[in-house]
Amino acid sequence: MTYPEEIDEYSLIQNGLKSLNEAAQRCQQTKHSSQDSSIEGCSARQSARDELVLEALKFLQIAQGPIDAAATCYERTAHLASVRALLEMGVFEALPTGRVSRRTEELARELNVDESLLARLLRNSSLYGPFEETGPGQYRHTPFSEAYLRPEIRGMFRFAMDDHMPAHLKLHEFLQRNGWQEPSSTTDNPYTYAHKTNGKSMFDNLSEKPERMKAFNNGMTVQAMTPLWMIDLFPWRSLAQLKPTAGQVLAVDIGGGKGKAISRIRSFCNGLPGRYILQDQEHVVKSVEGSLDPSIERMAYNFFTEQPIRGAVTYLIRRCLHNWPQDSVVCILQNIAAAMEPGKSRLLIEEIVVPAEKAGVEEGWMDMIMMSLGAKQRTLKEWEMVLGLAGLEVKKVYQIPGNCHGLIEAWLK
């Protein structure tokens, strides 16, 4: 462990274990006391689990001690490399589900790979998962390895390893080369530096690599699986006070993807007259043809251009702005602001709002990913700043205590 002599390492371990047990008890209590499917109930359960995970990570570090904790960089990277190799090798599919074991010699013959290589990779991928060693040279699936059989989880992992990991490993080189300045370009950032994209953004680079783009798209569907929709916090039924007409646009979902958010909004406004519009790039809009309620209009739109829908009651942009540097964000917001009607239109932004202090694990790693792309997750102060540059001001922030995601309501100044 190698703690300084004046520190009682076992007292630290006992205190850490106490904190971990208390977090586990809170997690269990929250699970039993908050069974409802509301956003508040889901958020309470997620926050309790996040706290438990953070306390577990802290306890692991205490148990390891300063030197061993630093040395786990070898362990973590080796474990990730082993799992990535086994994924490409086809081992995840070759092992049967249902907790049935197979021997390495059988797998090696079936996959036409070197048995010694396979055994070494499986050995390192079974110490604490995702696989389980059940006997000499015998391995089987666990729920943690079976998760990788899902296309969205597989895509997320592949994209993290093949695209983001190289950017993280080259982060220090890029920052040093650029005088330790915050990355703020979509075409000159740690990602483009690591992948040598020759002036192309990540998205332009991926468009030339179909398999990588497929992994990215599959991985992004994980985000859509969240039960935490911050738009649920907005009082949609209060729009009835405006006495909307059938021809009035109640909501425009900008960059709305498959239309899940605008469909959700329409259900909240059920019975209110008005139009609902989904906007996204042309190929995205075409992909949802036939899958949306006919009452929801579809419109091809690039949010870096003039907003064609003017005077809508509500404009929504959800989980898009964190992908862009400040200048781009201000441009997007200015296009929306120019279409808004004073005293009538509001803009809703669903994004992470990074706490001013003691940020959590999610907002931490998410911001590092955004940094590699020249973008960022923002604090409320930073959101107020970019909105101000676009002629907007924050009226209200809808947020659940302990949750980093929020819904920012902004109006014209």
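Along the chain as shown, the residues are counted starting at 1.
Just so you know, glycine gets a Cβ as well, placed from its N, Cα and C.
Same-site candidate for S-adenosyl-L-methionine binding, as annotated by Swiss-Prot with G255, G256, D280, N302, F303, chosen from R237, R266, R319: R319. For the pair D280 (S-adenosyl-L-methionine binding site) and H322 (active site, proton acceptor), the Cα-Cα distance reads 17 Å.
The highest number of surrounding Cβ atoms within 10 Å, among the binding-site residues G255, G256, is found at G256. Looking only at the recorded positions D280, N302, F303, R319, H322, the densest Cβ neighbourhood within 10 Å occurs at D280.
Among the record's S-adenosyl-L-methionine binders, G255, G256, D280, N302, F303, R319, no two C-alpha atoms are more than 16 Å apart, and one pair sits at exactly that spread. The two recorded residues, H322 (active site, proton acceptor) and G255 (S-adenosyl-L-methionine binding site), have Cα atoms 13 Å apart.
Secondary structure from DSSP puts H322 (active site, proton acceptor) in a helix.
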